[in-house]
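Novice: Please find one structure pasted underneath; my questions will follow.
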Amino acid sequence: MTIYQFLRLFVLWACLPHFCCPELTFRRTPGIQQMTAESRAPRSDGKILHRQKRGWMWNQFFLLEEYTGSDYQYVGKLHSDQDKGDGSLKYILSGDGAGTLFIIDEKTGDIHATRRIDREEKAFYTLRAQAINRRTLRPVEPESEFVIKIHDINDNEPTFPEEIYTASVPEMSVVGTSVVQVTATDADDPSYGNSARVIYSILQGQPYFSVEPETGIIRTALPNMNRENKEQYQVVIQAKDMGGQMGGLSGTTTVNITLTDVNDNPPRFPQNTIHLRVLESSPVGTAVGSVKATDADTGKNAEVDYRIIDGDGTDMFDIITEKDTQEGIITVKKPLDYENRRLYTLKVEAENTHVDPRFYYLGPFKDTTIVKISIEDVDEPPVFSRSSYLFEVHEDIEVGTIIGTVMARDPDSTSSPIRFTLDRHTDLDRIFNIHSGNGSLYTSKPLDRELSQWHNLTVIAAEINNPKETTRVSVFVRILDVNDNAPQFAVFYDTFVCENARPGQLIQTISAVDKDDPLGGQKFFFSLAAVNPNFTVQDNEDNTARILTRKNGFNRHEISTYLLPVVISDNDYPIQSSTGTLTIRVCACDSQGNMQSCSAEALLLPAGLSTGALIAILLCIIILLVIVVLFAALKRQRKKEPLILSKEDIRDNIVSYNDEGGGEEDTQAFDIGTLRNPAAIEEKKLRRDIIPETLFIPRRTPTAPDNTDVRDFINERLKEHDLDPTAPPYDSLATYAYEGNDSVAESLSSLESGTTEGDQNYDYLREWGPRFNKLAEMYGGGESDKDA
């Protein structure tokens, strides 16, 4: 170890006891002379040069935080051995906080802190120091870096990241079960003293919970804590620094602990016996009532399953578990009958669906109760002995024959008499009827299987004492067949025979049908009504027969048509038969037997249109003619609707003003000057569209200028109409251009007038009322005038 290193260790050891003293001055130790080969090199003048190596022996200062003194806090002192004390050197400080937070005395090198420092904001500051010549401003020492470390004091209390914690733990947990861990932080320096050493303790929540001092883990402290007794707990935890010693700072937090539910409670019925009532008329599936077992647990731990385990009504009732309400709904399983049984007893069991094996020791998680269901009597409708009836009857029975009987009874204990009726909507033809007292069904009209083989009837049974109580039943009547119809030709046969036919030639194969339906099937026999020399019938014994010729050759000019009666009979009892006539035409044929032409009568219809087609064509023509005539008549009767139906019907209607045509023939152009006539505007005209009710003095309107426009003219007339006291109290058409009826005069000249003033009739003035009598006398004249 060199002497230089030894001196550095010595200075460090000497300063250790004084680290906490802020007034301690750190001075630069005298330079240590280390001679090297270069430093001992001789000068040119023969003298040996000695270079002195200088170094700062300090590299850090220590400063306590949160200084509360009134003066600047002393940090330390910088000093160079070049400083002679004459003020020739100047100390300069730079780096973190230099000049603001830390200042240096330029002459003495003393460093001070200008304000209080918080270590939690910044733990150390790095600065640089340099000594320069005040006159030359040249450094006498190289710039050196040092650190000011801030010593921590216990000025921060522990804090929790959350003011309130929320935690949960299952109820009935064992002692020591971990609930939650809370952790507090301290901003003080954990490496210096006990300022940041936190100890946890519980202030509130004992004796239910405890906390580990070092870790902050909260654990249960009591066994078998029951949620049903108390569900919420509030625990206050304290975190204290300085290892929990007196004088340490502390912080608290609140932990809300909830006991979560476990299935530790069995379901319980609140009553040992439950009474329910149900009407006997309730259909299957009707809810009778509900039972519910209470469970102190919650959620799935309280889910209950209900079932009927015993009783005399297990076949009549069922129970369904309602998941939403946790109720057992008892429903009707089979139809009930008050007269048969009036009381049922059920034993219902409720059991938890989720059982925790840890709590088997608490007992069975099930409970039972007795449910008694009383059946209430209602006035029931009659009950038929069958759900439906089927009667079979032959179609040839006489009217009034009983075909069957329906039976019904009143299920009530009163046994009210029953009245039977037939729903006529199911028997519109009134073929059947029923005896109202005993339900005997009989015919009222003859039956015909060929018209209807089945009849679907509805019989109504009603109580006589209470006709509203009715029941319906279906009665199916099947009509059995009787051989009452003779067989007939299946189709109409158009048969012909060739003139060159030979004996035994087949000309037609015939068949028959019968409306009857015998049990053994149809069997027909064919024969001729009488022996025929021209044709014969050969029965094929398969319900068909062949028509054969018996002679050689036919002549259509002699006989054009033959009528062959054929007898068709069946084999049922009684035997029915009919005679069908087969029309055979004689036609000319080729060598192959193909028909070429027949008689004139036979060829008439095929050559032209049929009678039905001709009738249809004539009807179409007649219908078209009728349509044309009706259309023409409607066109003649159509009239043009008038613009205004009457003078009274002019309110709120559109009025056309251009219905005077195009003017007189001698008019060359429209002259707006006629509307600019001041005299016409100023003239106060009487309205003649209505009868005046009062006389009033005409008012003279101000003289309008000559340049009056059409708009001003219309506005003046509108104002005049609004101020007219004789105007009706509704909007009406005011006709100012009224010129009266057509004049009887042939000319405007008085010389050419065909009438005199005396011929004018002013009698209408008398119809205006007494107020216009004077005017009527002036113009109408009196009786004396007439006599004169």
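Every residue gets a Cβ built from N, Cα and C, even glycine.
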Novice: Considering the residues ASN456, ASN741, which is the one that Swiss-Prot annotates as N-linked glycosylation site?
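Specialist: When Swiss-Prot is consulted, N-linked glycosylation site appears for ASN456.
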Novice: Given a Cβ distance threshold of under 8 angstroms, which distant residues of the chain, six or more beyond its ends, lie next to the transmembrane segment (614-634)?
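Specialist: Contacts with the transmembrane segment (614-634): none.
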Novice: If I restrict to non-local contacts, at least six residues apart, and a C-beta distance under 8 angstroms, what lies near ASN456 (N-linked glycosylation site) in its own chain?
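Specialist: Expected: THR426, SER474, VAL475, PHE476, VAL477.
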Novice: Return the count of C-beta atoms lying within 10 angstroms of the C-beta of ASN534 (N-linked glycosylation site), excluding that atom itself.
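Specialist: Result for ASN534 (N-linked glycosylation site): 15 other Cβ atoms within 10 Å.
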Novice: Tally every other Cβ atom lying within 10 Å of the Cβ atom of ASN256 (N-linked glycosylation site).
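Specialist: 13, counting other Cβ atoms within 10 Å of ASN256 (N-linked glycosylation site).
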Novice: Quick one: Cα separation, ASN256 (N-linked glycosylation site) versus ASN534 (N-linked glycosylation site), in Å?
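Specialist: ASN256 (N-linked glycosylation site) to ASN534 (N-linked glycosylation site), Cα-Cα distance: 125 Å.
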